[in-house]
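**Q** So that we are looking at the same thing, I have put the structure below in structure tokens.
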Amino acid sequence: MGGDRIERVYAAHEQLVAPARRYPELWRLLAGLLLMAVVVFGLNAFLLTLVTKLGSDELIRGFLTGANPGALLLLLGSFGFLILGVAAAARTFQRRSLESIVGPLAQARQQFWRVLRVLLILGAVLFVLPPYDMGAPLQPNLQLSVWLLILPFSLAAILIQTSAEEILFRGYLQQCLAARFRAPVIWMVIPSILFAAGHYVPAQAGENAALIALWSGAFGVLMADLTARAGTLGPAIALHFFNNLIALLFIALPDSLDGLALYLLPYEMSDTERLRAWLVVDFALMLVAWLAARLALRR
């Protein structure tokens, strides 16, 4: 795309970037990230201390891996600390509110629900198509009664986690970089690289680690595109929420963050042959979901 066309396509992004342009210095971004780290690590250390002192042995063992429902709910909910960190950084170094990062709340909510409705319909359609289990049956995990009982808490926790990541990567980072640099390749790709780095887990994924990180980076670029087209974080949060809803509540990998899932895949993250075949399907579904979200925004 030419420069003028890019500006037209991403014109709505200006309402997110304009507040950051008042204080565009890079040192403010770096100082904000440092303050954010202090807030997040401090609050997580306090939470971990509480869990260690007051929690059951099962909760303590599963806290870092999300291996049981209580632990994973707590882990996902702790992403709220990241939202607090971003809010503190934006207020301290840019005199911005959290709403200026998310976008106008009424518009963000409207776009969130518009995109999520389309994605839920898409998910229902895919559910009735021939199964994509890659030739291996799913393994039951939580009992349906337990899964339904904790479902409201699970949905809230996933919404907190996905919102926090979007507020940081497609919100704070993307807007600060866009305020300083005009080229989308900078403000779309750099946050996506950092997002991918956060999903690089060779200890769990083995030889698949780089491929999973690459998938995450591509996901980040697509979310950056949605955000720039929409002018709020609503659509990106909706798609991220939908993605994690499937990956954490319905069909999870058995070696990490599986405490809330109804079913488990019959292989681990490090299984090179079978996971890579699944990632091809997952990548195609990600592109379809992104296109569906774009169509929803045009309605």
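Glycine is no exception: its Cβ is also placed from the backbone N, Cα and C atoms.
So TrEMBL lists the following for this protein:
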| type | residues | note |
| --- | --- | --- |
| DOMAIN | 149-246 | domain 'CAAX prenyl protease 2/Lysostaphin resistance protein A-like' |
| TRANSMEM | 29-51 | transmembrane segment |
| TRANSMEM | 71-93 | transmembrane segment |
| TRANSMEM | 114-132 | transmembrane segment |
| TRANSMEM | 144-164 | transmembrane segment |
| TRANSMEM | 185-203 | transmembrane segment |
| TRANSMEM | 209-228 | transmembrane segment |
| TRANSMEM | 240-265 | transmembrane segment |
| TRANSMEM | 277-297 | transmembrane segment |
**Q** Apart from its near flanks, which chain residues at least 6 from the ends of the transmembrane segment (71-93) lie with a Cβ under 8 angstroms of it?
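**A** Cβ under 8 Å, 6 or more out: 23, 28-29, 31-33, 35-40, 43-44, 47, 51, 58-59, 61-65, 100-101, 150, 153-154, 156-158, 160-161, 163-165, 167-168, 171-172, 248, 257-260.
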**Q** Taking residues 6+ outside the transmembrane segment (277-297), which of them lie with a CB under 8 Å of any CB in it?
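**A** Here the qualifying positions are 111, 114-115, 117-119, 122, 126, 132, 134, 208, 211-212, 215, 218-219, 222, 225-226, 229-230, 235, 238-239, 242-243, 265.
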**Q** Tally the residues of the domain 'CAAX prenyl protease 2/Lysostaphin resistance protein A-like' (149-246) by DSSP class, grouping H, G and I as helix, E and B as strand, and everything else as coil.
**A** 88 helix, 0 strand, 10 coil
**Q** Average the pLDDT scores across the domain 'CAAX prenyl protease 2/Lysostaphin resistance protein A-like' (149-246) and report the rounded value.
**A** 95
